[in-house]
Amino acid sequence: MNFNKKTIEDVQVKGKKVLVRCDFNVPLKDGVITDENRLNGAMPTIKYLVDNGAQVILCSHMGKPKGEAKPEFSLAPVAKRLSEMLGKEVVFAADDNVVGENAKKAVAEMKDGDVVLLQNTRYRKEETKNGEELSKELASLAEMFVNDAFGTAHRAHCSTVGVTEYLKPAVCGYLIQKELKFLGDAVETPERPFVAILGGAKVSDKINVINNLLEKVDTLIIGGGMAYTFLKAQGYTVGSSLVEEDKVEYAKEMLAKAEEKGVKLLLPVDHRVAKEFKDVEAVVTEDQNIAEGFMGLDIGPKTEAIYAEAIKDAKTVIWNGPMGVFEFENFNKGTIAVAKAMAEADATTIIGGGDSAAAVNILGFGDKMSHISTGGGASLEFLEGKVLPGIAALNDK
């Protein structure tokens with residue numbers, strides 16, 4: 001996949017109507033946005049366009065309204081908050097059919113530097129099916145397209161891919177540019193040693209990632225629930241820990257592949273365990289084995305030290321997925337240890353979105369990382385070596 005895409009700085013935007021696909025898929029509680037990370041992420045692109053005299057038409061999805069106009073998925077609160085953040089009115093076009101009379105009127109009346117936000121694109125069924133009609137309607141509003149929603153770059157939808165058939169030029173905003181730079185460099189030309197850390201519950205979610213990264217990394221660290229499938233493959237006892245029985249053979253293949261490629265594959269050498277899936281006091285095991293009746297819920301202190309050492313020696317580190325049950329205070333230690341080691345490392349440190357990003361932000365290490373990806377699913381597919389349709393659809397430099 002070509003990562004060298006045209007950006008908003010490569011096109012003339014003054015006086016032009018510019019459709020921008022943002023990622024405003026933010027959590028709401030009682031109509032108030034509870035996490036503004038994605039709004040903050042979109043600001044540099046929106047401000048650049050406003051400051052350079054573009055007429056800015058924003059669009060995004062939120063949640064899964066499944067093709068129906070459900071008020072709880074309305075982008076009205078986003079328009080309100082964006083107005084406050086920009087210090088100027090963001091006109092909200094509240095059309096249930098997204099590109100309706102309100103949108104057309106608002107867009108027709110725009111002056112340079114004005115901003116309009118369209119209603120949730122997933123109010124229309126065809127959005128997720130990449131239907132021609134909505135793609136054409138969105139394209140008809142503007143003279144060029146900017147994609148700045150990395151979080152949906154792995155989806156071929158109307159507002160990410162379909163619209164580019166009818167609207168050129170199609171370029172990326174600052175957010176996607178930054179994602180492509182950090183993730184692209186890490187995967188294509190990393191500074192070595194290159195260490196990848198994978199956690200989370202299931203091996204099945206990360207099969208292609210493990211396979212692809214074993215071709216590229218010097219060290220692969222595995223924690224979280226998926227470690228138990230690997231330990232079982234090595235013949236250790238795992239008690240009542242989460243194991244994907246149908247993936248034990250696959251784990252054996254990956255262990256063999258790591259050896260063949262000369263990749264260090266690090267697995268837990270001790271665990272924090274409990275008798276039930278609850279936030280109870282942790283029992284620390286002596287070694288890799290977990291006794292009958294106990295389940296592994298986090299990596300142990302010896303493992304933390306080994307993982308931290310590997311991170312300390314690295315020049316590029318990429319992390320996706322927690323080391324244990326991060327929501328339980330007794331079992332968040334491994335995740336904290338990895339986050340801390342990355343924060344202190346003299347390396348390019350990349351967090352692959354999702355749970356790891358949330359953990360790093362909660363722990364206050366966010367500003368110590370080189371890059372926190374805004375797309376969990378998209379960054380995983382990127383690490384699998386897949387082409388992301390939303391990126392592929394943009395014009396090359």
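Positions of Cβ are set from backbone N, Cα and C atoms, glycine also.
According to Swiss-Prot, the feature substrate binding site maps to Asp23, Phe24, Asn25, Arg38, His61, Met62, Gly63, Lys64, Arg122, Arg155, an assignment based on sequence analysis. According to its DSSP assignment, His61 (substrate binding site) is coil. All protein chains shown were included, and the count of other CB atoms within 10 Å of the CB of His61 (substrate binding site) stands at 27.
Residues near Lys206 (ATP binding site) in space but far in sequence (CB under 8 A, at least 6 apart, same chain), listed by position: Leu198, Gly200, Met226, Asn320, Gly321, Leu380. The ATP binding site annotation in Swiss-Prot covers Lys206, Gly296, Glu327, Gly353, Gly354, Asp355, Ser356, and the record cites sequence analysis as its basis.
Under the three-state DSSP scheme, Asn25 (substrate binding site) falls in the coil class. Taking only the Cα positions, the spacing between Gly354 (ATP binding site) and Gly63 (substrate binding site) is 15 angstrom. Rounded to the nearest whole angstrom, the C-alpha distance between Ser356 (ATP binding site) and Gly63 (substrate binding site) is 20. Gly353 (ATP binding site) sits 22 Å from Arg122 (substrate binding site), taking the CA atoms of both as reference points. If you measure from the Cα atom of Gly63 (substrate binding site) to that of Gly296 (ATP binding site), you get 33 Å. For Gly296 (ATP binding site), the nearest neighbour among the binding-site residues Asp23, Asn25, His61, Arg122, judged by Cα separation, is Asn25.
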